[in-house]
Amino acid sequence: MPYETPQAAAVAWLPYSQLATTLDQPTLDWLFDEGSLTRRLTRLSHDHFSVTPLFEGWQPLRDDECAALGLAPGEEGWVREVYLRGHDQPWVFARSVAGRSVLERGGLDLETLGTRSLGELLFCDQAFIRHPLEACRYPQTWLPTKVAHEGLWGRRSRFERSGLDLLVAEVFLPALWQAAKEETR
């Protein structure tokens, strides 16, 4: 995967209100569930959940990420990309970012997460405030080659704690939709 993620044409991240009448209920439920995705995936996989880190490091953030975090375009930040897996299959591609300047003074050490879920950390720390979820058709060029499909739904939200902002994006891969469908049978 290119680790300077390419910029894409303007991506429209939309709130629930703009998608509520155009998407089916199961898709909306996954995109706009405000609970812990890690916990939901753990339940769906019957505790066969794991995190596979793909990339962690400093790089220029994408323009849409800078805008969401209130940073100058092209500002450098910490980027963490992982697969959230169920039964060893990639179910979700997740990309979490934070600006360098706020992360260095924010008291959160993302470099030591390894195979632990960032979501679990965010939901266990009551000081984090989650801002509203937004969803879009995630650009194929932003995905790892192995899972790059056109038209996949992704969501993102900003988590804030005492001036520290993290942006977490999660893209729902075909294997997740299949597992969710089988679970409802």
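Including glycine, each Cβ sits where the backbone N, Cα and C put it.
Annotated substrate binding in Swiss-Prot involves Arg80, Glu170 plus, out of the candidates Leu41, Leu44, Leu118, Leu133, the residue Leu118. In the three-state DSSP scheme, Glu170 (substrate binding site) is classed as strand. Listed in sequence order, Arg80, Val82, Ala94, Ser96, Leu110, Leu166, Val168 are the same-chain residues six or more apart from Leu118 (substrate binding site) with CB atoms under 8 A from its CB.
Its Cβ taken as reference, Arg80 (substrate binding site) is surrounded by 20 other Cβ atoms within 10 Å in the chains shown.
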